[in-house]
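Notes follow once the structure below has been shown.
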Amino acid sequence: MPEQPIADKFKISPFLVLYMIMSMQIGIGVLGYQRIIVAEAKNDAWISVLVAGFALQFILWMIYKINETVNGDIVTAHIYVAGNFVGKLLSSIFIIYYFILSLTVQRSYLEVIQVWMFPKMSIFWYTLAYMILCIYIIYGGFRTVVGIAFFGLVLPSYLFPIFGFSLSLGEVNHLLPIFEQSIKDILLGAYKMSLTFIGFEVVLFFYPFIKEPKKSKKWAHLGLLLTTLIYTCIMIITITYFSMDLLAKSIWASLSMWKIVNFPFVERFEYIGIATWSLVILPNICIALWISSRLMKRIFNLQQKKGVIFIAMATLFAINFFPTRVEVNLLNNLTAKAGFVFTFIYIPLLFIAVMIAKKVKKT
Amino acid sequence: MSYRSLCIAMVILFLSGCVDKSIIDDINIQSAVAIDQIEGDPEKIKGMILIQNYLPDQAVENIRFTSTGKIRRDLLLNIQKKSSQPIVVGGLMVTIFGDKISDYGIAEYVDVYMRESSVGTRNYLATSKSSAIGILAGEYGPRGNATYLRNLIEHNIEHRDVPKTNLHIFLRDYYSRGKDPYLPEINGVSKDEVEISGISLFKGDKEIDVLPKNKMFYFKLLVDNYSNGNFLVTLDKHKTAMVKSIKSKRKIKISKDHPNKVTFEIHINGVVTEYTGGKVTEKVSKEIEKELEKKVNDECMKLLTQFQEQQIDPIGIGLAYKANIRGTAKKGKNWIGEEYPTLSFDVKTKIDIRESGVIE
């Protein structure tokens, strides 16, 4: 079945890709990624972040190449490479992938709320409310989702300068000497960055919705670059602010850093930060749900409106099976591994496959 | 359809907001804590929690709760039984550890501050010269004891001789492999007077020594990158000058060729605030500069050798060493036992006296 062309009124301007990528990438990982990277790369952890960021630029280039070659999204690419049935079978894996991703984000954020603010917060009711909000947004169509991505990035951006408070207590000696760790450790750190960095691959799924996709390329790369720089900055500030052994104990280093912030009108800034963060993760969950339901539509011809409700209900059901830190951690690790396999192994493989298929089909 | 779903969304949003409330008038916010060890029993502690009650006429009343317990939480539990309103820890300003407990080790009491998310890291820790509860039992100023103590420490850090400290800095140094923590020591002079009586030096979490007041300025010069404070210099019998440092910089230099030699470069910009010998001419100010440089060099050297003998490193030489000499971090923890005692120090001070007040 040929893909139906997307009408122009549903398409988005190329520059909005930047917001899509950045708001999908910046999510729950930022609150506590430092500890995980530092465990591998010690004081050179910021180099790991840079390395991972630049490696991903290459992957992003592959993603665009794939999309351009088949002129469609990942389902088209799969069908192009492996035929209709296998192609759709492969694509349906990503329904589960994005379902798990939204589950991880939702549950990790709830954990933060429970630990930092309200220990009695009910998982079920909060998720229900959040899911209804997401369904409502997705019912507004793809353009609404992009709009949320825009606001989910712009409105909370005032949080970033707040990290400057920690600079005044920073100790540059913690960073030195640069390149103290072995290349292996730095690369291991870069590998551990996957959970924090994943999200830019959403281009694979909404490519047909971009007006003049060629023009969006530079915005996508710029978005990825900006995220990389933001992560590197936060990493450097964190390393100077904490000593290694203290950082190893801080599960949410970014939140711990906000504990030093003190304004005359607000005693504890992290409460504002955590509350604002619900806006940061909103596009995360919305985009993930949108992709899941969109894939359902493409593969099973299921109406997207029904698909969203199905996925949301599944999330609502599944989230109850992760009651404590141990399970949440397990879920996080699983998602990080899946994300790594998807971006660094699957996409290059798909890229090669598409290139071969293209050659074969030409001759 | 969408209107109805919006309604449902709103209802559920508001309903899910029903979590525990803490209304500020209905809770007691603990603002200062003092912990003492009960004599003879290291397992038992006695604590006092101070709550500031803001009265309608803007005065502040100190409400105190005292109890004993095994760990800090236990203490709080026992105290909760005495309080008519729930006690919360979010507004903590100062924690004072008694002399015996700081000798015994304070790590287990600090643990709760790391674990508890509602405690900010900007609040102050301090030790006391004698009983910590004795300090909180006094009455200082109209704004409440906790505010008084916090301001006491705060302004001494900003303008006087106490090096930068707060909960975060203590934790950072305690968990650092190249630095030992220190805390200001508070002494209750009388029922309505307290003073900062020195700096408690820690090895791990145990207090092993206290720097007296007159050495605090030199200690601050060595510890903080930027600092200001006052110091006195005697030129001869009748000529004494008080110099206020307005800006100072400190650098620790370790060259790769001579890793055993650590050089401190201290640069102070100061003004003469008091001079008993008459006119401050250029000659006199040069003399003061020279005399001061000598004094700072001597005092700092004394401190450095003292720390070396005590095998503590409150200045963070270990950190600087690790940062300058590659591969130190990999050798691990034994730096302080093996390499630290072999180091030799050098202090190079440069003092610029800028002004001598509004008179000549």
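In case you wondered, yes, glycine gets a Cβ from its N, Cα and C as well.
Per TrEMBL, these features apply:
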TRANSMEM  A:12-33  transmembrane segment
TRANSMEM  A:45-64  transmembrane segment
TRANSMEM  A:85-103  transmembrane segment
TRANSMEM  A:123-142  transmembrane segment
TRANSMEM  A:149-169  transmembrane segment
TRANSMEM  A:189-210  transmembrane segment
TRANSMEM  A:222-244  transmembrane segment
TRANSMEM  A:271-295  transmembrane segment
TRANSMEM  A:307-326  transmembrane segment
TRANSMEM  A:338-357  transmembrane segment
Positions on the same chain near the transmembrane segment (A:189-210), where near means CB under 8 A and six or more residues out: 3, 5-6, 10-12, 14, 17, 20-21, 24-27, 29-30, 33, 36-41, 44-45, 47-49, 51-53, 55-56, 59-60, 63-64, 66-67, 72-74, 77, 94, 101, 142, 216, 220, 223-224, 227, 231, 284, 287, 291, 294-295, 332, 335-337, 339-340, 342-344, 347
Contact between the transmembrane segment (A:85-103) and the transmembrane segment (A:307-326) (at least 3 Cβ pairs under 8 Å, separation 6+): yes
Interface present between the transmembrane segment (A:271-295) and the transmembrane segment (A:123-142) (three or more C-beta pairs under 8 A): yes
Ranked first among A:12-33, A:45-64, A:271-295, A:338-357 for CB pairs under 8 angstroms with the transmembrane segment (A:307-326): A:271-295
Candidate ranges A:12-33, A:45-64, A:149-169, A:271-295 - greatest C-beta contact count to the transmembrane segment (A:338-357) (under 8 angstroms): A:45-64
Distant-in-sequence neighbours of the transmembrane segment (A:12-33), which means Cβ under 8 A and at least six residues beyond its ends: 104-105, 108-109, 112, 142-143, 146, 149-150, 152-154, 193, 195-200, 202-203, 206, 209-213, 215-216, 219-220, 222-224, 226-227, 230-231, 234, 250-255, 277, 280-281, 283-284, 287
